[in-house]
Amino acid sequence: MSGVTFEQLTAEQRQVADATAPTMLVFGGAGVGKTTTALWAARRELTAHGTSSKPLPGRRVLFVTFSRTAVAQIRSRAGNVLTGMEDAVEILTFHGLAFRLLCAFGRYTGLPGVPVLRGEARTKLATPSPTDYTLTYSDLLPRALTLLETPGPIASLIRSRWSLVICDEFQDTDEEEWRLLQALGRNARLLLLADPNQMIYQFKDGVSEARLDAARARPGCVEVTLQQGSYRDPTQVLPNAAADIRWRRFTTPAVRAAVDAGRLLVYRDVPDTDAERAAVIDAEIRRLQADGHTTIGVYAKTNSDAAGLSAALTDRGVDHVPVGFSEAYGETLAALLTMVRYSAGVADWSEVLTGLATVLTANHRGSKPPDLAWALHAGLHLPNALVDRLTKIKLGLDEAAEPLEEAVVTATQAWNVLGFTSGRRTWNRASRAFTALAARARLHVVDPLGQLERAVAAARDASFVELDGGDTGHIQLMNFSQTKGREADATILSYTSNDWYGRGACEPYDEASRILYVSMTRARNIVVILLPPQPHPLVAPFTRYSKPFPIDII
């Protein structure tokens, strides 16, 4: 919808875009045009409501949200509305904003240099920190809040940068994110976009209906609700069905209409194993593509579930993008660098093994490292076949005449040599980027390896907190909690008999029903639901509309 003109906006959207209230709280369901409204609000702020064709001096806009997916969507839609104004608009996640502030002003919070981020995978493996100013994700917002909430010239300078701050998915902001918004709101106007039905991160501190009340309590807050009606599915067939299912109403005319129209398709008794589920998903992807659906989202319950499915789909030759593994991309860059450093004689072989273990762990996304990753890192017994493959890689690095040439080739081929399938696409993408970084580093006569080290460090940290451009593709696989902010022609929702929704979870499954609602409203045309042999009560009511999957698929 971002291609619409200002005159084509609804009356409510124009009211928001031209508002001058210190705080605007804007409600709207999935696909009703909240992002488009925000983009026009940004343009009207920068141009003094259209009186100028260029951003006026002193006017800047910050889009901030908790989700890198939301950042990607905002950036992809901004071009039509904010053409020529990109330099006056910043679009960041909360953690991305915090990291930028600490890179610029961290010395005023006690950091002795530019911070280095310690990812979850390294934490799980308990790898040593490379510097004494290493930060984890959980450190970023508290330190940024120290900058913003401590009276003085630094806080004033930061707060004066933006005249309008827009927060997308406001209903899921936690306590620290809300404090950051309030600090920025001392100078800037706040535009807060929310949908209570998409409040799916209630496990975060402070995420509840009370957050919306806190916004309403701000002086001069104006509340606006955008008119109903999804632009994602103009027929309203899927949005209406999803709205009823959100409230556990599975037998309404809206749900039946979606089933009868072939827009909601349910298969039952889909086996639980990754390989068998992947076979069914593979067949559905082919069918959907044959029917003209170009973009397809595949959703699973957890990160580890998605990782297992990704490996199984890869084994079947299904070209897809696993979403939510940006840390794996960054750690792959670091592992490639470690191999080059080993070839240059400035890193130990044990560091190479730990780097590979870190990549395996980042691709797994479970609560603990995979056994193989731990064995690599801790120097435990490894299968003979794997030892032989590691020896081949080590020999290639030892014999490389030029670390930034031959060693780069050996390093980028390592994942395939080892025979790992999990994370293969991420490794290949990082390898292409690393090869380009190494080529540029070779142009530096003085300390080319140091140049490569600095470039990789910057790219690794950016992949952790900024937009990761790798999560684009026609077929995307992710867990249900990562679906918000995404769109696809068709979506496949895959469940297993072992799905767990928390201790004491029972009807009406409020949080899980919100996630189900969000997942269903990502599709423009069709939703496919794969039910296991023993479906959880959350999705068991779909059984009444189900049919058996073709047994010859597997």
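From the backbone N, Cα and C atoms, a Cβ is placed for every residue, glycine too.
Record features, source TrEMBL:
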type: DOMAIN; residues: 7-234; note: domain 'UvrD-like helicase ATP-binding'
type: BINDING; residues: Gly28, Gly29, Ala30, Gly31, Val32, Gly33, Lys34, Thr35; note: ATP binding site
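The C-beta environment of Gly28 (ATP binding site), restricted to residues of the same chain at least 6 apart in sequence and closer than 8 Å, consists of Lys34, Thr37, Leu193, Asp195, Thr225, Leu226. Sequence-distant neighbours of Gly29 (ATP binding site) (same chain, 6+ residues apart, CB-CB distance under 8 A): Asp195, Asn197, Gln228, Ser230, Pro239, Ala243, Thr521. Highlighted in sequence order, Asp195, Leu226, Ser230, Tyr231 have their Cβ within 8 Å of the centre of the Cβ atoms of Gly28, Gly29, Ala30, Gly31, Val32, Gly33, Lys34, Thr35, the residues recorded for ATP, and are not part of that set. For Thr35 (ATP binding site), the Cβ neighbour count at a 10 Å cut-off comes to 24, with all displayed protein chains included. Taking the Cβ of Gly33 (ATP binding site) as centre and 10 Å as the limit, one finds 24 other Cβ atoms among all the protein chains shown. For Gly31 (ATP binding site), the Cβ neighbour count at a 10 Å cut-off comes to 21, with all displayed protein chains included. The Cβ of Ala30 (ATP binding site) lies under 8 Å from the Cβ of Asp195, Asn197, Gln198, Ser230, Arg232, Pro239, Ala242, Tyr517, Val518, Thr521, each of which sits 6+ residues away along the same chain.
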